[in-house]
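Feature annotations, reproduced from TrEMBL:
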{"type": "ACT_SITE", "residues": "D35", "note": "active site, proton acceptor"}
{"type": "ACT_SITE", "residues": "D172", "note": "active site, proton donor"}
{"type": "BINDING", "residues": "S8, H66, G142, F143, S144, G145, D172, G173, G174, G194, S195", "note": "substrate binding site"}
{"type": "BINDING", "residues": "H33, D35, H66, D172", "note": "divalent metal cation binding site"}
Amino acid sequence: MKVLIAPSILSADFCRLAEEVVAVQEAGADLLHLDIMDGHFVPNITFGPAVVGAIKSVATVPLDVHLMIENPEKFIDDFASVGADILTVHVEACNHLHRIIHKIKDMGIKAAVSLNPSTPVESIQYMADDVDMVLVMSVNPGFSGQKFIPQALRKIASVRELVGSKKDIQVDGGITRENASRVTGAGANILVAGSSVFSASDYAEAIKALRG
Ligand code: DX5
Ligand code: ZN
């Protein structure tokens, strides 16, 4: 599978958000990864639908919206209406994962489920056919710039076994040019990268290095 790179806007310069979005797109970003945090599910707060809508107005690639929020079912309509192309919910935040995944798909949006580092793959065992993508967290969600948790590699391999060869597996957290090939080698095909792209002086070179 082709390796896709999804720069995480969380590490961008928020004072120059539009410029930063255009710059990563010109540098070869395949998706824009947008981290939505509510201060409850994770110990940080970021931005909501208004900012996603503003980013949409300058986006030329799909918006990959990662919901790190409690009660995500309450906000699906809001993020759909401002132009999310992929909506990812956390299995740990959903009482009725099957219902919410199908609600997202019924709106014509790709639906994904994410697993925190301590969450077993078995938690999505009966959802493999329903989701379009699985997001394996390789850090505890909440902040950019954290260190990759190596156990994620085994988890990626078992998610690949579960979902088969055609579905997308995304990995998020601590991805660097040093570990990217191990992550794709384990079976992932979409790499989220915050600090490793936005702290680079040359975004295009950074994205190319991650693609391998
Ligand atoms: C972490 C977020 C990530 C974060 C990744 O909770 O979900 O998307 O922005 O940042 P890096 O690549 O710096 O770990
Ligand atoms: Zn994320």
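Keep in mind that glycine also has a Cβ here, set from the backbone N, Cα and C atoms.
Unlike curated records, TrEMBL annotations are generated automatically.
Remember, it's a predicted structure, so these values are computed and weren't measured experimentally.
Structure coloured by features recorded in TrEMBL.
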residue: S8; record: substrate binding site; Cβ neighbours (10 Å): 24
residue: H33; record: divalent metal cation binding site; Cβ neighbours (10 Å): 26
residue: D35; record: active site, proton acceptor; Cβ neighbours (10 Å): 25
residue: H66; record: divalent metal cation binding site; Cβ neighbours (10 Å): 27
residue: G142; record: substrate binding site; Cβ neighbours (10 Å): 17
residue: S144; record: substrate binding site; Cβ neighbours (10 Å): 22
residue: D172; record: active site, proton donor; Cβ neighbours (10 Å): 27
residue: G174; record: substrate binding site; Cβ neighbours (10 Å): 23
residue: S195; record: substrate binding site; Cβ neighbours (10 Å): 17
Recorded positions whose CB lies under 6 angstroms from ligand 2, from D35, H66, G142, S144, D172, G174:
D35, H66, D172
Inter-residue C-alpha distance, G142 (substrate binding site) and D172 (active site, proton donor) (nearest angstrom):
11
From the Cα of H33 (divalent metal cation binding site) across to the Cα of S8 (substrate binding site), what is the distance in angstrom?
5
Pull out the binding-site residues from the set H66, G174, S195 whose C-alpha sits within 10 Å of the C-alpha of D35 (active site, proton acceptor).
H66
Of all the recorded positions given, namely S144, D172, G174, S195, which is spatially nearest to H33 (divalent metal cation binding site) at the Cα level?
D172
On the three-state reduction of DSSP, what should I expect for S144 (substrate binding site)?
coil
